[in-house]
Amino acid sequence: MCPIESRRLLGVIALLFSALQVSISLNKVELSVGESKFFICTAIGEPVKLEWYNPQGERIVPSKRMALHTEASRSRLIIYNAIIEDAGIYRCQATDASGHTEEASVVLEIYQRLTFRDVQSPQEFRHGETAEVVCDVISSPVPVVVWYYQDKEITEEHHSRFQVLANNNLQIHQVTKADEGVYRCEASVEARGEIDFVDIAVVVNVPPVLSVSQQSFNATADYQESVTFTCITSGSPDPVVSWHRKGQELEPSEQYILNRLEGGRSMLTIRNIRQGDGGTYSCKATNKAGTQERELFLKVFVQPHIIQLKNVTAVEGSAAMISCVAEGEPLPDISWRRASDGQTFMDGDKSQDGRFEVRGRHGKSVLTISGVKLADLGRFDCEALSRIGGHQKSMFLDIEYIPKFLTNHTIYYSWEGNPVNISCDVMSNPPATMLWRRERFTISAEGTANTRVHSAEGKSVLEVTPMSDRDFGRYNCTARNNIGVRYQEFILAQADVPSNPYSVRLSAVSQRLATVTFMKPDSHGGVPISYYLVQYKEVGSQDWRDVKSHSIQTTVVLTGLEPNTTYEVRVAAVNGKGQGEFSHTETFQTLPIREPSPPAVHGQRGMGKTYRLGLVKQDDGGMPIVEYIVKYKTDKEEQWMTKLVPGANDFAMLQPLQWNTRYEVEITARNVKGLSEPTFYQFFMPQKPDITAESLFSGLGLGAVVGLGLGALLLILVLVDVSCFFLRHCGLLMCITRKLCSKKTATSGKGKEIEEGKAAYLKLPLKEENGKESLKPDTIEIKVHSDNSIHTKPDDSKA
């Protein structure tokens, strides 16, 4: 071949390869509804873009159901879950750089496969109604539906009650229980040779049928009898049986027993029948097809019934007659029971003491009580019994009696100007009227200049404020009701001051402290002791120092005493009448001043190269600790380092110390008297820690770091509190504001409380038991200051 022809051939081949060509992997595709498919479009040449167009000529953009994956000369179209509307011609178009386009197409046909939509099984129908068995099936084209029952096709010629409707459902006229079974709905599409079926269970419900073997029953109330009703039911499905009375369904209980047996038998048992159980009951059977109800009747006979029984009131010492009348068939026998002890009395009975006797006749019984006593007061039960049953009622026997005084406390103590309450307590029925007399003169309810009368039911209180010796003596309380009158005499005696305490003892005596204990007086003078007066002084001095005990405590701690000093102490008891005699004077001497005891020591490592040594003061020897002398050194050195710590301090800070070193410490306490014995202590400083945080804060020191932290926390708290004040009207700032606003009112109220506290003395009844009063020793601390002022500090115990 010549060169010219070769060049022409090569040009033609190049032209062919440079021409744009488009092809799709498939030409025609059939796809069922719901299926997914993809198509590949390939371009030969040099396309600059590939695009797909739907059957409506619109360019396809990616979506949830249609996806595009395009490369340089290849593009894939994916259609997910196809629908009928997706059918048509899809085009793939390629465009080169010069704007020239080429395209290829594919035909997509969509069809609906056979599909049964939500076909229920079983399907239930009521006996005798027209049933429509639903079979909802779709396809394209429209399917042909055939029904089968017991493997035979249903045709209208052979089954006149059966009919296939236009919607492919099967209609059964006047359906019966015999029509129950499994029906097959078969659908086919001849064009595709497609066929499918579904089996449907048809259930025919038959309404309940109910019968009873006996409709009327008799029973006797309150005789623990039981009656059983029986209902026999049939139907499909098996009916649910319920029992009803007065419109309310009966629930299982101790009285109502419900049972269901085979053969459709349902039973209701009524236990312990009472009169109120009589009446109409109904048995109700229910299923899906309907309800049926039958009535049954229960007649209850009445047992004995008490128709007359009344409460009785009798006077102590007289006779009482109690009558009980009952009715019933047959007439019941009547008996009596005394509730206080359970003793019973039958017709014709008589008690051993002859006071109780029963007589009865024709449903009436009379209980006679002779010589009625207060012990007879209370409930009596009347019981009527027959072979059918019984009935019981109760009555109350009330006893009226002359007033009776309830207390033997007839001696009261007081003194001139001190009011005392004399109480006269009375029990009586009916309630008594009460009067006070003095030397044959009646004290009026309004009272006199120094007497007042306070009355309540069963109680009268005479308040007497003695003004002279004439007001002491005998007072008479008179109680009277319609049964009789009684008198009680009371004596108002002059109270005396207590006798002197004794057995004064001193214990726990030190340089500054002493504990005084003593025994209470033999007599408190008829008036309760208020407190004890403890007096003490230095021997040779004429000035006694007074100390009041807290309440009636018999142990007192004296503080603020002078060391190495001899004191005298005595004790007197004080009641509302006044102060009694002092006890025998006891002498004691406080301990002399000496050197302090060695201090107790405990240690704790501080920040960095420091060690905190805690100092706990022991006995100071009677004088304050002036200073602590702290000497310390390493275990490898001979020379001691000394640090003086003020006596008021409770710690010593040792610094700077060496890392990884053991230290020995010697601590001595000093007062004006001298030095204590030394206390020895050892501790070990660990190796130097490698912590960057320590280097960061070492320049600031412990106090600066803690101060910064507390300052930041305080700032946050202030901001939060101010926000709460303005937004929610709460917080510390709000509390301070309200406190300032109410301070004036609170101050005036406090003064009133102090004044009221001063008036807390002796409006109580005065009492002395055999001249002595049981008092519990307690402890009170009394501190004497340099200015001779006295402060008491009670302990937490109660008098």
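Including glycine, each Cβ sits where the backbone N, Cα and C put it.
Please treat TrEMBL annotations as automatic predictions, because they have not gone through curation.
Looking at 268-295, 772-799, the range annotated in TrEMBL as region 'Disordered' turns out to be 772-799. Summarised by DSSP class, the composition of the domain 'Ig-like' (20-107) is 3 helix, 52 strand, 33 coil.
Across the domain 'Fibronectin type-III' (500-593), DSSP assigns 0 helix, 49 strand, 45 coil.
For the domain 'Ig-like' (112-196), DSSP puts the residue distribution at 3 helix, 37 strand, 45 coil.
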